[in-house]
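According to Swiss-Prot:
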REGION    14-116  region 'Disordered'
COMPBIAS  61-76  compositional bias 'Basic residues'
COMPBIAS  86-96  compositional bias 'Polar residues'
COMPBIAS  98-116  compositional bias 'Basic and acidic residues'
BINDING   199, 307  substrate binding site
BINDING   219, 230, 427  divalent metal cation 1 binding site
BINDING   230, 299, 332, 427  divalent metal cation 2 binding site
């Protein structure tokens, strides 16, 4: 719509030199240029023909109008402590930080400059954006956890703090049906002390308190759109455990460094074992060789499924399976001052719906309703009892055990080394992109 500002101004001067005319001339002039500012009518008139009262009233109107304008709310630029601002506000263009990019070696070196491979890489923009958002959430949450986890805290306090922040950063609290499938926890936060190797997360009512002489493994999974970032670290508060942690960190970094397209996983396990078992650790005057836990493996990650079909052993093996373009691997290692083997046992906290389960008729009504809730809120993403509590499930244990016995839900008991031993874990998620290997979870901390 076009407005002839000079003509309007002339009419206003003729009909009314009062406040209404001045106010209307201001507003219509602003409308004419679309900016909210007055326009020049092209005359040599300096405005002296307008009575002073009109000019004063016009000025007052402008001031009043300006007072009504509320300044735009600025987006926060700095994360809070603990982290609570969604990453979408810190990275408004969804341009999340890349992980560590590493060029392939030897016969795959050409991939870095191949136009064909670059094109394939560009087709994965949504995939990479989801993974990088989950990875940035992981870095911010875990670095806060590393600064704040202290002896004297309960495992429940630690787990709830980590998970609350993770959900805030991805912008989905998981309290409405299906919300946690958009983004949220990739699996229950593992808080495994001393000889407990993996798969322990505190259930409601857990009273365990972290002690000064404990070795704590913190395993966190965060997903966006089903793209799970799986990364873990170990904390100890007594320097006598330093060599144990150093051995496992070195082994994980070795696995990350040697992994790549066409690498055979059995050979990769040999590199990991060699790095791990070159260390020993003196604890209370006794020296222990660090052993790789040989009946555990790293693994591929699939959408909405933390364990894929390929494994990466921690020891040399004859497994000729090759890593391939497009694979996503969790390269993790566990070291121990004990036998180097785990056994299952203890109170179960981790569960997951089996993707291949036969959906047989369930005679127990509580099992049927629980299964519906699991499907709608978690699908095949692992969950724990605390997560069922959060979505309002009550008196579900009988139904949950029934689903486990029916083979529809898998339970994952804690994995334990011998009592009195100590274990450590470090883990990264890597993407075998067409052009480069991206260590998506890499951070300044590890």
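If you go along the chain as it appears here, the first residue is 1 and each next one adds 1.
Every residue gets a Cβ built from N, Cα and C, even glycine.
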Checklist entry - Per DSSP, what is the residue tally for the compositional bias 'Polar residues' (86-96) in helix, strand and coil? => result 4 helix, 0 strand, 7 coil
Item to check | Shell list (divalent metal cation 2; ref centroid = CB of 230, 299, 332, 427; cutoff 8 A) | outcome: 231, 232, 298, 301, 329, 330, 331, 428, 429
Checklist entry - What subset of the binding-site residues 230, 299, 332, 427 lies within 10 angstroms of residue 199 (substrate binding site), using C-alpha positions? => result none
Next on the checklist: At 10 angstroms around each C-beta, which of the binding-site residues 219, 230, 332, 427 has the fewest other C-beta atoms nearby?
Outcome noted: 219
Next on the checklist: Within the compositional bias 'Basic and acidic residues' (98-116), count helix residues (DSSP H, G, I), strand residues (E, B) and coil residues, in that order.
Outcome noted: 9 helix, 4 strand, 6 coil
Checklist outcome for this item: One should report the C-alpha separation between residue 332 (divalent metal cation 2 binding site) and residue 427 (divalent metal cation 1 binding site), rounded to whole angstrom, as 4
Checklist entry - Of all the binding-site residues here, 199, 307, which one's CB has the most other CB atoms within 10 A? => result 199
Item to check | Residues close to divalent metal cation 1 site centre defined by 219, 230, 427, Cβ within 8 Å | outcome: 190, 220, 221, 231, 232, 330, 332, 425, 429
